[in-house]
Amino acid sequence: MFPYPTLNYSPMAPVNPMAYRDPNPPRRRWRPFRPPLAAQIEDLRRSIANLTFKQRAPNPPAGPPAKRKKPAPKPKPAAPKKKRQPPPAKKQKRKQKPGKRQRMCMKLESDKTFPILLNGQVNGYACVVGGRVFKPLHVEGKIDNEQLAAIKLKKASIYDLEYGDVPQCMKSDTLQYTSEKPPGFYNWHHGAVQYENNRFTVPRGVGGKGDSGRPILDNRGRVVAIVLGGANEGSRTALSVVTWNQKGVTVKDTPEGSEPWSLTTVMCVLANITFPCDQPPCMPCCYEKNPHETLTMLEQNYDSQAYDQLLEAAVKCNSRRTRRDLETHFTQYKLARPYIADCSNCGHGRCDSPIAIEDVRGNAHAGYIRIQTSAMFGLKSDGVDLAYMSFMNGKTLKAIKIEHLYARTSAPCSLVSYHGYYLLAQCPPGDTVTVGFQDGANKHMCTIAHKVEFRPVGREKYRHPPAHGVELPCNKYTHKRADQGHYVEMHQPGLVADHSLLSLSSTKVKITVPSGSQVKYYCKCPDVQEGTTSGDHTTTCTDLKQCRAYLIDNKKWVFNSGKLPRGEGETFKGKLHVPFVPVTSKCTATLAPEPLVEHKHRSLILHLHPEHPTLLTTRALGNDARPTRQWVDQPTTVNFTVTGEGFEYTWGNHPPKRVWAQESGEGNPHGWPHEVVIYYYNRYPMTTIVGLCTCAAIIMVSCITSVWLLCRTRNLCITPYRLAPNAQVPILLAVLCCVKPTRADDTLQVLNYLWNNNQNFFWMQTLIPLAALIVCMRMLRCLLCCGPAFLLVCGALGAAAYEHTAVMPNKVGIPYKALVERPGYAPVHLQIQLVTTKIIPSANLEYITCKYKTKVPSPVVKCCGATQCTSKQHPDYQCQVFAGVYPFMWGGAYCFCDTENTQMSEAYIERAEECSVDQAKAYKVHTGTVQAVVNITYGSVSWRSADVYVNGETPAKIGDAKLTIGPLSSAWTPFDSKVVVYGHEVYNYDFPEYGTGKAGSFGDLQSRTLTSNDLYANTNLKLQRPQPGVVHTPYTQAPSGFERWKKDRGAPLNDIAPFGCTIALDPLRAENCAVGNIPLSIDIPDAAFTRISETPTVSDLECKITECTYASDFGGIATVAYKASKAGNCPIHSPSGIAVIKENDVTLADSGSFTFHFSTASIHPAFKMQICTSVVTCKGDCKPPKDHIVDYPAQHTETFTSAVSATAWSWLKVLVGSTSAFIVLGLIATAVVALVLFTHKH
């Protein structure tokens, strides 16, 4: 019946009965037959796979689903569109995938860093480094690890650390520390940390409370530092860290103003109830809802460390989102209001002005000033509006457009920014500052005397900011309105009489109270009636003059000004952040035209063309600095003497330049006589003139003497024979006197006569030919010989010991070279070169001084009564009570009494806001250490930038060698016992001790740090009696001694230090002082030596100097021909010290020649050069260099400089020899005449 075969196995699913089918069904596609058991196993595998990977979502279809997602958000409105794409979500995704280095840092930190828990909250961290666990001392709590929590920790309060040894099982899995900290970027939990100028910094806002104890790692995962805290420094945060030095000793580096970064919650107080400062108890306790209570809460926590958190919580506790960069910085000033204060010059005289000027700060560069007024900017009565300013129009608050505001000095100022009570403007120079505005037909202005100057940056006195130039550090007022750590003191306003609250109602004085306000009244008619009312009140007085009404305003703060009366009773103070605080920035300064430089022999001529007054400073780089300092404002030419020790000049804002003189000269010391004279005349003009005059005088005297002797001798000889007829003239006399003899005895007869009569003259007669022969030989020798060579004595630098000792000059860049010889081994070349040297004294900070600011609180006015002063702990605090002030009715305080009124005036000193960027530090300096960075090469080993201590005791490990250098031959330092550091400059200055500063001089304001409470001040502050018309606190005091010192401080040490020292800071040090010599000792390992049998043996050496310029930087070239036993390398060195060879070794073949360069100061160098174990002598003549002045120091010593060349000596000897011949001839003739005359007489 069914066309299909019967199944031999039970089916997997029941088969439904099938309907009638065509006996010829359609054909189906062929499929491979699957065995039943295999099918069951496959189905089981699929079921297990589905259970295992059920969480894996199926792959979406390729086409339609993707197309459906795109048009889905299109019909939706714009508002939901913003919600679906919040910017923080994208930033969060980026943070989830840190970089490779940060991932490694986070991995190492998570394994070796353990949180410290306090009350279940992470308060800080402890890390395991080098087998020890380190925990910040200021972080309270317990380490979240059972084994580490059980360790007994030792306290090191000087480093703010606790430490202890970790268990043995954990020592193999700890972080390793390193003392290597090259400048660059390092890693920590929050990303990159920048290390520069010996300080770790991060961008501001990165890291904070709770990060104390986290490690800073390098790229190898080694701990470089442990974070303890930080200090905000403008746009970056300086980290307080603990590091390790090269000896493994812990070093703490804490920047000024740093705070510990533990997460301990700071508590605030309100009505004897403590609460977290970021969570006020009346949450949401907003200023809008409870203004008076909020101000009271802030006043009671004025000195709290978390005052900023409390202020932010009180101002921003509402959930309404605020616009970033606008209300974020403006909302806190809604706690304050403008006020009316006294102005000494309102254009028409003294008045109570709505825009009175409280203070002007102009210590920034480029003409920026900050003005504080009694009006407010960027605020209206109903909120924030940058286009408006508000002021007190009588007793009401009024707002107008900010465009009606102006400021001027000698010309209108440019308003840069404004916020709260403050204006930031850029003004031209002037002697007064005026601020005003136009309110309809009314004009309000206030002018005060304040000198505004354009303060240029650097060493050029330009008058306008340049368009381009050089970037230099300067002080500016930041344009930001954000919190910068400076505060302005506020308080609730005092009571001021308001006549508008009083009126007559049925012959009685009625007090009208505004809605929602309170009024305090005081009446005397004749009984005293006083009280406070929140509603209208009618008194028994019948005259308005008998009552005073005061509107109580406790919902707003005002500035704590000396021009406003203080409230009655105990008043608390508040504070708000000051905008536009001074910060360190970069300013563009002018760059004077480069001087035209002219070089002559040992002379430097500068042709200067300044565009404005420009400072020129110079100094010599030797023992006597001979510093000069002059302001050049007109084109001029200056001439300076330059020696081989070096000369430095600094022109304007250009970097300093150093030059050195070379032994140059015109002519040729080895040429003809006129060339020799020209050469020495250019180098030694006076000596050459004296020498030439002496030679000329000798020649003239010799010639005259010889001629006179010869003439006199001839006359003496001939005269007797002329007088005697038929006299016989001897043959010799006839020959000498050109006389033709008629008859003469022969020679034998004459000699016989002398022998018998006078034997002395016989021997004299015999010696005459010998003398003539000697004179002829001497003249011949002077004509043909070049003169004797110079004898140069120098010490050998070779050493024959395993431990090599020597002495090298303390000059940076001048290498010390030697061949270290050891018996049985080939010589090893040794080279030590100083890269930098540092003289680091022990500096103890005595105090910090800066410009002071006189704080004048609101005075206390007591009507019809007396008040008294109370002592307060403020620097230079002055308090005085003045009686009989503000007479009846019309006085500034509106008192009833005539003479019984009193005022308590107060004033004291505090640091100015500029102290954060403009201060001087007074240090006491003691004997310090000397450090050096050296490059060492011995054999084939080369070591770069090795740090060593120059004390003769501390060895430095240089590979397998051990180097000990020092101490210096001269215990010298450029620092006096007292130095002052101002900015990047250092001054030797005898400052007064702490607590002994005098008014008007350096040290009139002293403190240990910029934030400490040990402030000392002596400013000769004196309070004066107030005038009756207005409420104010007059005073007098001495000008700032710090500002006076800045004007008269003179030249910094960097411009006058001898020996070419460069003064640097952080730490205080003198670098590269070329003073004294440095002994050294180095132990070279055996592996650096090679057996002498393994090195080539050199023979048949011949050295020839092909070209030589003496006193120049490797200006000599010589060629050495050789024969070697085998090919190889040989060190070369000149042990004589006359020449310094540039090359250290040469590669030798079996035979050939090689060329080397050398530097020498000798005109006739004759030095020995050692090649392996063989020695050859190189001789030759050197020419003078063509360049008079160069910008590099000499590479040789000046000890062997020859004063006179051999050629000059030869010409001099020829000259003197020829002159002496004339004298000898004259003497011979005189002797002959005397002999003849004597013989004739006998």
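Just so you know, glycine gets a Cβ as well, placed from its N, Cα and C.
Topology check against Swiss-Prot: ASN758 and GLY1003 carry an identical topological domain name and occupy the same side of the membrane. Record source Swiss-Prot places CYS864 in a disulfide bond whose other cysteine, from CYS794, CYS897, CYS915, is CYS897. For the recorded positions HIS138, ASP160, TYR186, SER212, CYS717, a Cα to Cα distance of within 10 angstroms from ASN219 (site 'Involved in dimerization of the capsid protein') holds for TYR186. When the Cα of SER212 (active site, charge relay system) is compared against those of the recorded positions THR113, HIS138, ASP160, CYS717, the shortest separation belongs to HIS138.
Packing around CYS717 (S-palmitoyl cysteine) is summarised by its Cβ count: 22 other Cβ atoms lie within 10 angstroms of its Cβ, all protein chains included. Sequence-distant contacts (6 or more apart, same chain, Cβ under 8 Å) of TYR186 (site 'Involved in dimerization of the capsid protein') comprise ALA192, VAL193, GLN194, TYR195, PHE200, ILE216, LEU217, ASP218, VAL224. Listed recorded positions: SER212, ASN219; maximum Cβ neighbour count within 10 Å falls on SER212.
With DSSP states grouped into helix (H, G, I), strand (E, B) and coil, the topological domain 'Extracellular' (745-759) comes out at 12 helix, 0 strand, 3 coil.
Nearest in space to ASP160 (active site, charge relay system), taking C-alpha to C-alpha distance over the recorded positions THR113, HIS138, CYS717, is HIS138.
You'll find the Cα of HIS138 (active site, charge relay system) roughly 118 Å from the Cα of CYS717 (S-palmitoyl cysteine). If you measure from the Cα atom of THR113 (phosphothreonine) to that of CYS717 (S-palmitoyl cysteine), you get 120 Å. Around the Cβ of ASP160 (active site, charge relay system), 20 further Cβ atoms fall within 10 Å across all displayed protein chains.
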